[in-house]
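Inspection log for the structure reproduced underneath, given as structure tokens.
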Amino acid sequence: MSWIIFYTIIFALLVLDLGVIHKKNEVMSFKQSLLFSLFYFTISCLFGIYIYYNMGADSTREYYTCFLIEKAMSLDNIFVISIIFQFFKIPQKYQHRVLFFGIIGVIAFRAVMIYGGIILINKFSWLLYIFAVILIATGVKTFYVSHKTFDIQNSYLYKSIIKYLNVTPNLEGDKFFVTRNKKLYVTPLFISLILIEAIDLVFAIDSIPAIFAITNDAYIIYTSNIFAILGLRALFFCLAEIVERFSYIKYSLALILIFIGIKIFIHHYIAIPAYISLTVTITLLLLGIFASVIRKNIVDRQ
């Protein structure tokens, strides 16, 4: 029943998104994007209340912790998506179409990765320690790397698409496919969709291990992941400006990853409750936001 409720909510949100709010290829303003994202955030929080009444307080804390971590870790994803759109010169009015169908792929691929990960961890518990090393290494690296980049032209996937598929030289409106001389062609819009799906899989390799350190409950992991990604895609059109304002969040994220990695290593000796993980996550994110605001105010005064 819980899965039916979740998928009903997601289906309703997708219908509302494509069938009502974005029925026409109109450019979303900063304010509209912000309000739409706030709407998604509210739905995500309300779903946490549903989890509280059906699964208990600990599961609720795990849900919110996973949600916040996935939200924070997906920020770099937005920059790479921007690079892809710029490379293919995708107009803003068509970008939402790509993001929407990208969500459909995310819903499917994340399910496979999460369930596959849970099966592997249940069978080989030592994998968690490998995840811990990856998380700590990623956290340390985050202090030294500004944003993840993506060399599209030299990527294996892009070269393979160009080599094996018929590709139109220019966009064909909002179409992913066109037929010419009885041959099927893919458009740059479709290639951008494939690359965005591939990038999401790459980023999931970073974020999902962090979630496994919080809980191995498939329902908590999957629902928090999907709600976080839905809200982030809604915020895409104003996120670049927001991330620029909150530039220190990446350091908060680095500390969160290191904390989670350490938590895995010590869990046999010290059991860290779900409420502490949630408190640490919220505190570090808020510190990153406050530090960013203070820094921006200082810069603006100079």
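Just so you know, glycine gets a Cβ as well, placed from its N, Cα and C.
Annotated features, as they stand in Swiss-Prot:
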- 1-21: transmembrane segment (TRANSMEM)
- 33-53: transmembrane segment (TRANSMEM)
- 67-87: transmembrane segment (TRANSMEM)
- 101-121: transmembrane segment (TRANSMEM)
- 124-144: transmembrane segment (TRANSMEM)
- 185-205: transmembrane segment (TRANSMEM)
- 220-240: transmembrane segment (TRANSMEM)
- 253-273: transmembrane segment (TRANSMEM)
- 274-294: transmembrane segment (TRANSMEM)
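For the transmembrane segment (101-121), the neighbouring stretch richest in Cβ pairs under 8 Å, chosen from 1-21, 33-53, 274-294, is 1-21. Distant neighbours of the transmembrane segment (67-87): 44, 48, 95, 98-99, 147-150, 152-153, 192, 195-196, 199-200, 203, 206-207, 210-211, 214, 224-225, 227-229, 231-232, 236, 239-240, 243, 249-250, 252-253, 256, 260, 278, 281-282, 285; these residues of the same chain sit at least 6 beyond its ends, with a Cβ under 8 Å from one of its Cβ atoms. Stretch with the largest number of CB pairs closer than 8 A to the transmembrane segment (33-53), among 1-21, 124-144, 185-205, 253-273, 274-294: 1-21.
Same-chain residues lying 6 or more positions outside the transmembrane segment (253-273) and placing a CB less than 8 Å from one of its CB atoms are 58, 69, 72-73, 75, 128-129, 131-136, 138-140, 142-143, 210, 213-214, 280-281, 284-285, 288. Outside the transmembrane segment (274-294) by six or more residues, the chain places 58, 61-62, 64-65, 68-69, 72, 214-215, 245-253, 255-256, 259-260, 263 with a CB less than 8 A from a CB of the stretch.
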